[in-house]
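Asker: Dropping a structure here in structure tokens format, bear with me for questions.
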């Protein structure tokens, strides 16, 4: 099974941007961790990051068309993008929303997610391990 792992705005800056909040793992290191865990679980992970909402929408539309599960950390678009929510609602395979930090323990504006109502589940505040937990969940589910 192919799993789309999609990271949104500013996540390409992991390891440099607010390491006290997001840790010191870079996006390249995160991608390698995800790909290794996916392979160990018999999955193939396609890990992508973009600061462009349009590109994220294209990737989610592609996953919907291919009936592929998605692990999505939409970054700040989680709290602002109805368009991203609508694209995610089109998915028939599972959607797991992931956030590295505990968004519920941060600023008030981060506590609302447009994605959670259309997601299968959400993993927040467990650092980069959240992605690996999402993969383990998907490995136990048929797509």
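Using N, Cα and C of the backbone, Cβ positions are placed for all residues, glycine too.
According to Swiss-Prot, the protein carries these features:
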SITE      17  site 'Transition state stabilizer'
ACT_SITE  22  active site, proton acceptor
BINDING   73, 79, 86, 100, 101, 110  substrate binding site
ACT_SITE  99  active site, proton donor
Asker: When the Cα of the residue listed as 'active site, proton donor' is compared with the Cα of each of the recorded positions 17, 22, 73, 79, 86, which one is closest?
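Answerer: That would be 73, the closest of 17, 22, 73, 79, 86 to the residue listed as 'active site, proton donor'.
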Asker: Quick one: what's DSSP say for residue 73 (substrate binding site), helix, strand or coil?
Answerer: strand
Asker: Do me a favour and check the Cα-Cα span between residue 73 (substrate binding site) and the residue listed as 'active site, proton acceptor'; whole Å is fine.
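Answerer: If we compare the Cα positions of residue 73 (substrate binding site) and the residue listed as 'active site, proton acceptor', the gap is 12 Å.
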Asker: If you count the C-beta atoms lying within 10 Å of each candidate's C-beta, which of the binding-site residues 73, 101 ends up with the smallest number?
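Answerer: Counting other Cβ atoms within 10 Å of each of the binding-site residues 73, 101, the minimum falls on 101.
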Asker: Find, among the recorded positions listed as 17, 79, 99, the one whose Cβ has the highest number of other Cβ atoms within 10 Å in the structure shown.
Answerer: 99
Asker: Would you mind reading off the Cα separation of residue 79 (substrate binding site) from residue 17 (site 'Transition state stabilizer'), to the nearest angstrom?
Answerer: 19
Asker: Let's check the environment of residue 100 (substrate binding site): how many other CB atoms sit within 10 Å of its CB?
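Answerer: 24, counting other Cβ atoms within 10 Å of residue 100 (substrate binding site).
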